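Q: Got a structure for you, written out below as structure tokens; questions coming shortly.
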Amino acid sequence: MEMTFHATTIFAIHHNGKCAMAGDGQVTFGNAVVMKHTARKVRKIYHGKVLAGFAGSVADAFTLFEKFEAKLEEFNGNLQRSAVEVAKEWRSDKVLRRLEAMLIVMNEEHLLLVSGTGEVIEPDDGILAIGSGGNYALAAGRALKKKAPQLSAREIAQAALETAGDICVYTNDQLIVEEL
């Protein structure tokens, strides 16, 4: 049995000029034990102008969070440049390369997925989701954005995570939703 702490399911959306990111609170030890129900995996950083969320190994995610925050400071809040620099360092550093986590970062203009393989991806539709319940949240969010455009970014983010929590055993209903 794998004995690491994992944190899962983050959803982010740009919709009708607003942005929101939601994450659940569950931290799982290995594949069988829920160790925490109220982890905070979505945060406002860089003077409240950037939202960041993580999924994956908790310790690894915190390491990446710190590196990303440092890059934001270094590049005066330039989200894209900071994400690219973190991805380059993550991929090329022998120690960082072993980190098992993913980040979603966003500001009012950009929404980016940052992965350990050096990927920095900006979605065409303004929606991203990661973690074990990510595909469920992504499907729910896309359907809501398309079929219920009157909903706010926050409402879509919350509903997408609630749907993922109803389906995925590694996602709970203790949600944090942040907006810009």
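Any Cβ shown, glycine's included, is placed from N, Cα and C.
Pulled from Swiss-Prot, these are the listed features:
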ACT_SITE  THR8  active site
BINDING   GLY165, CYS168, THR171  Na(+) binding site
Q: Which residue, of the recorded positions THR8, THR171, has its CB surrounded by the fewest other CB atoms within 10 A?
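A: Fewest other Cβ atoms within 10 Å, among the recorded positions THR8, THR171, is found for THR8.
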Q: Rounded to a whole angstrom, what is the C-alpha distance between CYS168 (Na(+) binding site) and THR8 (active site)?
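A: Spelling it out, the Cα of CYS168 (Na(+) binding site) and the Cα of THR8 (active site) are 10 Å apart.
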Q: Whose Cβ lies within 8 Å of the mean position of the Cβ atoms of GLY165, CYS168, THR171, the Na(+) site, other than those residues?
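A: Neighbours found: THR8, THR9, ASP24, GLN26, SER132, GLY133, TYR136, ALA137, LEU161, ALA164, ASP166, ILE167, VAL169, TYR170, ASN172, ASP173.
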Q: Pop the Cα-Cα gap between THR8 (active site) and THR171 (Na(+) binding site) into the table, whole Å please.
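A: So the alpha carbons of THR171 (Na(+) binding site) and THR8 (active site) sit roughly 6 Å from each other.
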Q: Could you state the whole-number distance in Å separating the C-alpha atoms of GLY165 (Na(+) binding site) and the residue listed as 'active site'?
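A: Cα-Cα, rounded: 10 Å.
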Q: What three-state class does DSSP give the residue listed as 'active site'?
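A: Once the DSSP labels are grouped into three classes, the residue listed as 'active site' ends up as coil.
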